[in-house]
């Protein structure tokens, strides 16, 4: 008899309140299949890596990840071990005996899940035979020249083979397999074609054709129902990939997407409405001290300021304490990531700040990897000059301090001319002379290979943001991922984000958007759009996102020019906030991190697993979903105090007066508001299982 206990699952929106018997994981095996298991390529790696702990806590030794084998990743990320589960051990042994190379171990991340990794190159001799199998299964042919698709065919064929071996030795256990993206979809197609007794889930994080069409500057969302899908895929030479993706979607027992906006897209592009929307989460780590993340912001901001001192040597005519650090990061997709609208908004922001004679300087970083051949010599020289000046200042300070100390011991007020001798003055004059330069600070930190056609640099030339002294907006393109070993900006991405004031991600195509979510978890305000999954999620579940530091640009129902004006308004309003207002806003932003915790969002994956088991094994698992209650779902409430946002409590000048701060002291109590927010979010959610009590059922599972 299956054991179970009740689990209270409450909707963040869309999913009704429902109480079910917990799945008997002792009698189940869960496999998640993705090309990015131990293999960092894009955002799916983050999804799987961060979700692993929550899933491993729930499923224990019966949870396995399947991915490709790469020697470097295996050495650095995986600890090899022998499979404990008998069915998995037999499957691995059987495949190795038949000429495959299957590696098994624990992934060295939180949760330490088991991983099964297939060596693609070792099994490439089967490629032609497996192409025939795929053609017989779904009449999809793969061109010889498409190396990536051929690799996916090998990976999918090995996955289906492995799952067959597992089910042959499962000894009555039921198998659930979740496949992420089209790269893993061939394994699903072949498993279903061979009628393997497994419950399948297919999750799309973005549609193939959607990404291609949006990159071509097409008005995608207003023409979703007008595209000739086959024609568009054929013109872009991805028809076979599109067919694999669509076949995977229609073969799966349950189809899921990561956001509502992607669900709409998938319904039109792939011709199936998703059964469940599974938002992406993060592992949220709370600090023991309430304001520790504020201290980290100050510490890492100082390190960014050091870089700016070197990069802008000879042109440091602005106050670093009145400088705001903004950034955009991600793949180099100029239009999809919104770099085009961001640059245009920066041009307009520069005009506004100059027109109002603001003393605020905005420093904008573009962290987008592109093709480079080396560091920019001027940038390297700037950091060398900065370090030289620091050494000179430190040397003079030591001598100055010793002479001052001796004079005070003698009871004398020293003459500065006596303390600073001629050698010191000469050294300082040489140091000052070394900071002089005729050229402007470089816009990019590296030498770009195609700088004449680079979209970001071409736009910068058009709008004229060349880091002139008169510009209030300065731009720095860092065409490389951040690293703590870099000689220019030795910081990891997380450290850099914590040191910035605002992340700007005005994406046109963003199925979820981990970058603004990561900002939120770290207490950094961000700009997103209503075309990103994250933006739609926050718009749905937070009554006043702007008050909590989530600025949502309307890119769906406004023209590009209107969207650009709205973004400019957000940026200008942010520049007008006082330091205190920004601190209050960061506190509120960090409190939203509970909404993005996998402990909450993991329930959507639980629901998908229940659903697929009920469809694959209706005699064993059954679910009767009744109509959800008539409710609009939970909304994180607006702060009780006046929100320190451009729309609600911005100062009329770049800096607020002391009197204004005193007034804010009276109406804002950080601890009281934080406690109210904690109660608000915990009342509709439950982090732990609810062992007792029966509620009105909105879904019931029977054995």
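Each Cβ is built from the backbone N, Cα and C atoms, and glycine gets one as well.
Positions annotated as phosphoserine by Swiss-Prot: 8 (among others).
The phosphoserine annotation in Swiss-Prot covers 11 (among others).
Summarising the annotation, Swiss-Prot assigns UDP binding site to 40, 331, 515. With a cut-off of 8 Å between CB atoms and residues at least 6 apart in sequence, the same chain places 42, 337, 368, 369 near residue 331 (UDP binding site), listed in sequence order. DSSP assigns residue 331 (UDP binding site) to coil, not to a helix or a strand.
Residue 205 (UDP-alpha-D-glucose binding site): 22 other CB atoms within 10 A of its CB, across all protein chains. In the three-state DSSP reading, residue 205 (UDP-alpha-D-glucose binding site) counts as coil. Positions annotated as UDP-alpha-D-glucose binding site by Swiss-Prot: 205, 211, 331, 510, 512, 513.
Just so you know, the Cβ of residue 301 (alpha-D-glucose 6-phosphate binding site) picks up 18 other Cβ atoms within 10 Å once every protein chain is counted. The alpha-D-glucose 6-phosphate binding site annotation in Swiss-Prot covers 291, 292, 294, 297, 301, 501, 582, 586.
Annotated phosphoserine per Swiss-Prot: 627 (among others), in sequence order, evidence recorded as a large-scale study or a structure entry.
The region 'Disordered' feature in Swiss-Prot is assigned to 628-703.
For 641 (among others), the entry in Swiss-Prot reads phosphoserine, with the evidence type similarity to another entry.
The phosphoserine annotation in Swiss-Prot covers 645 (among others).
The compositional bias 'Low complexity' feature in Swiss-Prot is assigned to 647-657.
The phosphoserine annotation in Swiss-Prot covers 649 (among others), and the record cites similarity to another entry as its basis.
What Swiss-Prot lists as phosphoserine is 653 (among others), and the listing cites similarity to another entry.
Taken from Swiss-Prot, the feature phosphoserine applies to 657 (among others).
The compositional bias 'Acidic residues' annotation in Swiss-Prot covers 658-674.
The phosphoserine annotation in Swiss-Prot covers 683 (among others) and rests on a large-scale study or a structure entry.
Local packing around the Cβ, expressed as the count of other Cβ atoms within 10 angstroms, is greatest for 501 among the binding-site residues 40, 211, 291, 501, 582. Farthest C-alpha pair in the alpha-D-glucose 6-phosphate-binding residues 291, 292, 294, 297, 301, 501, 582, 586: 16 Å apart. Just so you know, of the binding-site residues 294, 512, 513, 515, 586, the Cβ with the fewest other Cβ atoms around it within 10 Å is the one at 294. Cβ-based crowding with a 10 Å cutoff singles out 510 as the top-ranked of the binding-site residues 292, 510. In sequence order, 498, 499, 523, 524, 586 constitute the residues six or more apart from residue 297 (alpha-D-glucose 6-phosphate binding site) in its chain with CB-CB distances below 8 Å. Spatially, by CA atoms, the binding-site residues 40, 291, 292, 501, 582 include one closest to residue 510 (UDP-alpha-D-glucose binding site), and that is 40. Sitting within 8 Å of the Cβ centre of 40, 331, 515, and not among those site residues for UDP, are the Cβ atoms of 42, 43, 46, 329, 330, 514.
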